[in-house]
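Enquirer: Handing you this structure, nothing more for now.
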C-alpha cells in the first residue's frame with residue numbers, strides 16, 4: 001500500500017531514470033533547426049570536425065547532443081526517417097552502457113545509429129550484434145546509407161568470409177555481424193601465426209540486438225573450435241605390445257626425480273626394428289616416437305594402485321598428496337591413453353577442444369556493452385548480476401492499446417487444441433489476421449495438419465531460412481492471414497497491418513502454451529500492437545502442458561473439479577493465473593542459477609584464457625623475443641638447480657651426473673661439472689654457472705642464425721608450443737569439471753576444488769611451455785648457412801566451429817606436410833630445406 005502510494009507520487013525508478021534523460025532530449029531537439037540549415041556537404045564535414053574536437057580533449061558525452069541531432073538530420077535526408085524522442089532516449093541509454101527495452105515496432109534498428117555514430121568517432125570501432133546473417137546484412141545495408149552520408153565506413157561480418165574480407169570489415173568504423181561470428185573471430189585470431197592476418201581490432205563497444213536472446217538464452221552454450229585429438233587409438237595399443245622387449249639402462253634411461261624417461265640410441269634402433277620404421281626421427285614418424293616414449297613412461301614411471309587405479313574399466317588418477325581418487329582428471333599429451341593401453345581398458349578417442357569461450361565472457365571483454373530488446377525487464381536482475389548492465393524501459397512513441405485477454409485453461413491438450421483451432425477459423429472468417437505461437441516445431445505441424453483438413457489457408461514459418469522467415473512475418477498482418485510459428489521465430493521484423501485490418505481489431509496473437517520464461521511469452525505478445533496499432537492476445541493452456549503438469553497441476557485440477565468444470569469448458573481464474581506465474585518464476589530462478597554456476601566455473605577458465613591469449617598476442621606482435629627467451633632460460637636454469645640442490649651438502653656431494661643429464665635434456669648442451677670446477681664453488685655459483693652456460697649457448701645460436709631468422713624461429717616454436725599444450729590443457733580442464741562433482745570430498749565445495757586444482761594445472765602448463773619451447777629451440781640443428789625461407793603455418797586439424805546443435809559449421813582445413821619432399825621446408829620449424837636439416 002505504502003509503496004504503491006509513493007510510486008504514484010514520485011513515479012517508479014524507471015520513470016525517474018527516463019525523466020533524467022529528458023534534458024538531453026530537449027537539447028537535441030533544440031539543435032534541429034541548426035542542422036537543418038546545413039548543406040549535405042556541410043553535414044558530412046561535421047564528422048571530421050567532431051573527430052578533431054575529440055582529439056583536442058572533448059569527450060563523447062560533450063558531443064552527444066550535436067552528434068545525435070546530426071544523425072537525425074542525416075537519417076531524414078537519406079531515408080526519410082526521423083528519430084522520435086523515444087528513440088533518442090533509447091540511443092542515449094545505449095551510449096551509456098544500458099540495456100534499452102523498446103517494444104516491437106519502436107525502431108530499435110534506427111535508434112542504434114545514434115550511439116553507433118557517436119562512438120565510432122573515437123576510431124576504435126563499434127560492433128552491432130544481431131542473431132543471424134540475414135538481419136546483420138539487412139541492417140548494415142539499410143543503415144549504411146546514413147553512415148556513408150556522414151563519411152563513416154560500414155562492414156558486415158557473416159559466415160563464409162575469408163580472412164582478408166573479415167579484416168576489411170573490422171577495419172570499418174561500424175561493423176555489423178552475428179554473435180557467433182564475432183565470437184569465433186576472437187578465437188580464430190588467437191590461433192593465428194601471423195600478425196598481419198589478425199582480423200579483429202580491440203573489443204571497444206558492442207550494441208547487442210535481441211540482447212536477452214544472446215546474453216541469456218544462448219549463454220549456457222559455449223562457442224567451440226575443435227579438432228580430432230588423435231587420428232586413431234590403434235597406435236597406443238601397437239606401441240604398448242612391444243614395450244616388454246625394452247630393457248632399462250640399455251634401451252631407455254629413467255630419471256625418477258624428474259619423473260622422466262628417455263630412449264637410448266639402442267632403444268631407438270629396437271623401436272625402428274619392432275615397428276617396421278626406417279627412421280623414428282623422420283618428421284612423418286614423430287607421432288610414433290611420441291607414442292613410444294609415452295608407452296615407456298606409462299610402464300616405468302606410473303604404478304597401478306599407487307599413481308592410479310583401474311575402476312569400472314577406467315584408469316582413475318590417485319592424488320599423490322591425499323590418496324583420494326581424482327575422478328574426471330586425465331594425464332595430458334597421450335599419457336592417459338598409454339596407461340589405458342597398458343591396462344587393457346578402452347582407450348579414449350576424443351574430439352579435442354582447440355579454443356572455446358562462452359558468450360558471457362566474450363561480451364564482458366568489451367570496454368562498453370549495451371543492448372536492446374523488446375523484453376528485458378523480467379531478466380533485469382540477471383543482467384545486473386552477470387554483466388553489470390542496468391535495464392531501462394523506454395516509453396512507447398504512442399500509447400499501447402493491445403488487449404491481453406486472460407488465459408483459457410482446459411483439462412486436456414485435445415480440448416485445448418480443439419478450442420484454439422475453432423478460434424483460428426472464427427477469426428479467419430472475420431478477416432482478422434492471426435499469429436499462432438507454439439513452443440515446438442511438431443506442434444506447429446500438428447496445428448497445420450488440422451487447419452489443412454478444415455481448408456484454412458495458412459503459412460508455417462520455417463526458422464531455418466531467415467530471409468523467408470522475415471518475408472513471412474512481414475506478411476502476417478495482412479487481412480485473413482494465418483501464420484503458425486514457434487514463439488521465438490521471426491524476431492527482428494515488424495508485422496505491418498494490411499488495409500482494413502485495424503478496423504477488425506488488428507493482429508491477434510494466439511499462444512498454444514506458456515513458455516517456461518515469462519519473457520518469451522511477452523515476446524510473442526509483443527508482435528501485436530506496434531506503434532499504437534490495435535491488437536489482442538490470448539494463451540490457450542491445458543493441465544497436460546508441461547509447465548502446469550510439473551508445477552502445480554494437481555492444485556489447479558482440484559480447483560477445476562471444485563468449480564465443476566465440464567469437458568471442453570475452459571476456466572479463467574486469477575488464482576490459476578497467479579499459480580502459472582509462480583511456476584514460471586520458479587523455472588526462471590532455476591535457469592538463472594544454472595547460468596550463474598556456469599559463469600562461476602567458466603571464470604576460472606577465462607582467467608587462464610586471458611593470460612595465455614595475452615602472452616600469445618605478445619609473442620605474435622613483439623619485434624624482439626630475445627628478452628623473453630633469456631628470462632625463460634634463467635627460470636629453467638634455476639629450477640634445475642633447485643631440483644638437485646641440498647643445503648646440507650657441498651655441491652661436490654650432489655647428484656652431479658643427474659644434474660648434467662637434466663641440463664643436457666633441457667638445453668642440449670654439455671656442462672663441465674668436473675671436480676676441478678665444482679671443488680671451490682658454492683651452491684649459488686653453480687646455479688649461475690648453469691644459467692650463463694645456457695645463455696652463452698643461446699647467444700651462439702643467435703649469432704649463427706642472425707637476429708632476424710632467430711626472431712622468426714623463436715616466434716614459430718613458441719606459438720606452436722603454446723597452441724599444442726593449451727589444447728591439451730583445455731581437454732584436461734574439461735575432464736576436471738566433469739569429474740569434480742563426483743569426488744567423495746565431504747563438506748567441500750566443488751567450485752573451490754575446481755579453482756584450486758585448475759590453478760595447479762595451469763601452473764604446470766606454464767612450466768611445460770617454457771620447458772618444451774627451450775627444448776625444441778636448443779635441439780634444432782643448423783646444417784649450413786643459407787637464408788631461412790618464410791616459416792609456414794603449422795599443420796592444422798580439421799576444425800569444427802560449433803555453438804549449438806543446429807549451427808555446427810564444419811570447416812575442413814587441408815593438412816600440410818603429410819609427405820615431406822626433399823626440397824620442402826623442414827617440419828621441425830628451422831626454416832631450412834628438409835634435405836639440409838632433419839632429412840640430411
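Backbone N, Cα and C define each Cβ position, glycine as well.
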Enquirer: Report the candidate from 442, 446, 449, 494 that shares the ATP site with 87, 105, 106, 107, 108, 109, as recorded in Swiss-Prot.
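Expert: Looking through 442, 446, 449, 494, the residue Swiss-Prot assigns to the ATP site is 494.
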Enquirer: Tell me which range among 498-517, 518-537, 538-557, 558-577 Swiss-Prot lists as region 'Disordered'.
Expert: 518-537
Enquirer: Does anything in the same chain, at least 6 positions from residue 105 (ATP binding site), have a Cβ under 8 Å from its Cβ, and if so what?
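Expert: In sequence order, 494, 530, 531, 533 meet the Cβ cut-off.
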Enquirer: Check residue 105 (ATP binding site) against DSSP and tell me helix, strand or coil, would you?
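Expert: Going by the DSSP assignment, residue 105 (ATP binding site) belongs to neither helix nor strand, so it counts as coil.
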Enquirer: According to DSSP, which kind of secondary structure is residue 494 (ATP binding site) found in, if we only use helix, strand and coil?
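Expert: In three-state terms, residue 494 (ATP binding site) counts as coil.
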Enquirer: Near the Cβ of residue 107 (ATP binding site), how many other Cβ atoms are there if near means within 10 Å?
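Expert: Around the Cβ of residue 107 (ATP binding site), 19 other Cβ atoms lie within 10 Å.
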Enquirer: Indicate the candidate from 106, 494 with the smallest number of other Cβ atoms within 10 Å of its Cβ, considering only these binding-site residues.
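Expert: So among 106, 494, the binding-site residues given, the one with the fewest Cβ atoms within 10 Å is 494.
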Enquirer: Any idea which of the binding-site residues 87, 109 has the thinnest Cβ neighbourhood at 10 Å?
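Expert: Looking at the binding-site residues 87, 109, the Cβ with the fewest others within 10 Å is that of 109.
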Enquirer: Whose Cβ lies within 8 Å of the mean position of the Cβ atoms of 87, 105, 106, 107, 108, 109, 494, the ATP site, other than those residues?
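Expert: Not counting the recorded site residues, we get 102, 104, 110, 111.
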